[in-house]
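Enquirer: Here it is: the structure, laid out below.
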Amino acid sequence: MRRAALILAFVLFIGLSSATVTSADSITYNSGTSEFFDGDVFAIEVTADQSTDEIDIYLGASELSEKTDGEVNQDLSIEFTHQDSKLKYSTSTSDELRDIVTLTTYYEDGFDTEQDAIDAIKSDCYDLNQNGNGSGRYSRYYSVTSPVYDYEIYCFQKNEKLATPAYIDNPDEIFTAKAELQAGDKTIQSATLSNGDAGDGTVTDLGDSKISWNGNLDLGASEPENSRVIALYSNDFENGWRIGNKQSYEDYKTFIGGGDAYDLLIDWQDGTYTASEVEDELVNTDANQAVEEASSSTTDLVNAKVKDSSLDTGSFVYDTPELLSYPSFTVYVDAGENGYIEVTKPTGDPDIISTSSTEIKEGDEGTVTATVENVGDGEGEFSGRLSSCGEGFSIVDDQNTKNVGAGESVTYSFDVAFSSVSSESKEISGSCTFEVNGVESSDSTSVSVTGIQQSECNPGDQRREKNENDRWEIYTCQDNGLTYEYDVTCAEDEKAVAQGDNQFSCEKQDDDSGGGDNTGSDSGLFSNLFGGSGSGDLLTQVHTALSILAGLVAGFFGYRGARWIHGETDIKGGFKLESRNVSRVKRGSPVAGIVGAVLGFVVGYGVASVFHPVVQIIVVLGIAVGLYYFR
């Protein structure tokens, strides 16, 4: 079964209302592959012109089946529910911001010199303008107890740190939505999506499925104002942080560093205010107001919750209405016969309808074929191969894949090699197993092969060799021509003597009577005639003599014939054969005659030597009679 991929493409546009998306606007089917799955593709496009708090799409199996050449076996539902949207506001501390503290008045006298008073202000007093020199007043007075002038100082010291201020950064959108996909009654595939999972170009896992985003999933609500508030950190605050009024902090900062607090030191020094009046009623009023929590009339951020309570990474989260603005996105769902969405398509069914065998010569290759018909209802991709062959046969080409339409046939061809494995039979019969596999079914059969072994000898021919005891043994070629079989071992005083035509016999011989190691027939042109082999066999000598005689006779005719032909070509005239009174032989060249004689002898001897002596005698008599009558 060909696999397919189901692509669900949703195009959702931002709007103002919050209607639930429930249907698809168009369904198209494209044959091909998707980015994540092999196979065909469903594209289901949905367009919604509003932000929404829910997507609930239902597609029936019949609706999907209409768009493909197969059958979809389950309904499909896609839901985006349980949306939760927030804004995250991070905090940033800065050297531009000063801690909010309460102050206490500080007075000391008895300094001997002016410089002693200045040094005491630098070391012991709170630095109002943060320039590193301290802030305070000093004056000279006459000491009654000692008749000298001493110095006194008036300043503030830090009493308690109320809070550390920090800027509130612009918000990051944080939202989640639970996505669920289910085909029929199969296990639900789900994922919880957030803005980190739904950015432009991001691919999100939805169980075994995928969601590819073509834009950013955004909040469907406005952001609360953050420019009129400031974050305040203190261990005394619940969860460490609170939202303060930025203007109250600026008023405190201006009062402390802008000169108002220093003016109170002057008023205290000249007696306008007492120390307790300055400390309890005047200098700490702005500090206490600066650390108060902002009101809801200033910003909706007062309803934000602390997300991170640490000083360095503090942050707030603000819940927004549960609306999301969806971009276009695509859901990829594995489909096919074994996919999450089951799609059944007509498939091919292979059936082997014929095979052809082959004969293979030893060391060569032959070709076997098998014809396969697709008896299924759909196109099939069939993989044909030779899986195994019998002993002595080896597979050269083992696999081939072909696409076959319904009702069509295709032929597979494979080369098979053969090498000799037996000395018992000239022909080796065997078989190879041919298999063809489709997606859902397969077929197999045996294809016969025959190996033809090369002949090692001519049946009936003999050869001889000495054994380990230095005695002659005679071997005879078997009827199948594949091997020599042991015949006989000659006696110690015998030798294996050639008898002609590759035959041998054990004969008693003198030490110098031949019978060497030659494994052939020992029937040379003159050795057989004059006993060079020491055989003394009369029949062999007669056979050789008649062969020579035949060669001489043929040489005679070759000599005369060659001179006659040469003489004929030398005659002048209109029609040469009319000059019967001219001797062509005498006119011909002797050199041509010699050449003809040699050729005639070789041909005559060669032809005669292959016949039995009886046949040779009959032929010689026939030639003699012919010479007598036609000379």
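From the backbone N, Cα and C atoms, a Cβ is placed for every residue, glycine too.
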Enquirer: Going by Swiss-Prot, tell me which one of Cys457, Cys506 is disulfide-bonded to Cys477.
Expert: Cys457
Enquirer: Are Ser143 and Tyr559 on the same side of the membrane in Swiss-Prot?
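Expert: Going by Swiss-Prot, Ser143 and Tyr559 are on opposing faces of the membrane.
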Enquirer: Measure the Cβ-based neighbour count of Cys155 (disulfide bond), defined as the other Cβ atoms within 10 Å of its Cβ.
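Expert: A count of 25.
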Enquirer: Please work out the number of neighbouring Cβ atoms within 10 Å of the Cβ of Cys477 (disulfide bond), leaving out its own Cβ.
Expert: 20
Enquirer: Within the chain of Asp150 (Ca(2+) binding site), which residues six or more apart in sequence place their C-beta under 8 angstroms from its C-beta?
Expert: Asp109, Gly110, Phe111, Asp112, Arg140, Tyr141, Tyr142, Ser143
Enquirer: I'm trying to understand the geometry here, so how far is the Cα atom of Cys506 (disulfide bond) from the Cα atom of Cys477 (disulfide bond), in Å to the nearest whole number?
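Expert: Spelling it out, the Cα of Cys506 (disulfide bond) and the Cα of Cys477 (disulfide bond) are 17 Å apart.
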Enquirer: Just to verify a number: CA distance, Cys432 (disulfide bond) to Cys457 (disulfide bond), in angstrom, no decimals.
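Expert: Each residue's Cα considered, Cys432 (disulfide bond) and Cys457 (disulfide bond) end up 30 Å apart.
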Enquirer: I'm trying to understand the geometry here, so how far is the Cα atom of Cys125 (disulfide bond) from the Cα atom of Cys457 (disulfide bond), in Å to the nearest whole number?
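Expert: So the alpha carbons of Cys125 (disulfide bond) and Cys457 (disulfide bond) sit roughly 127 Å from each other.
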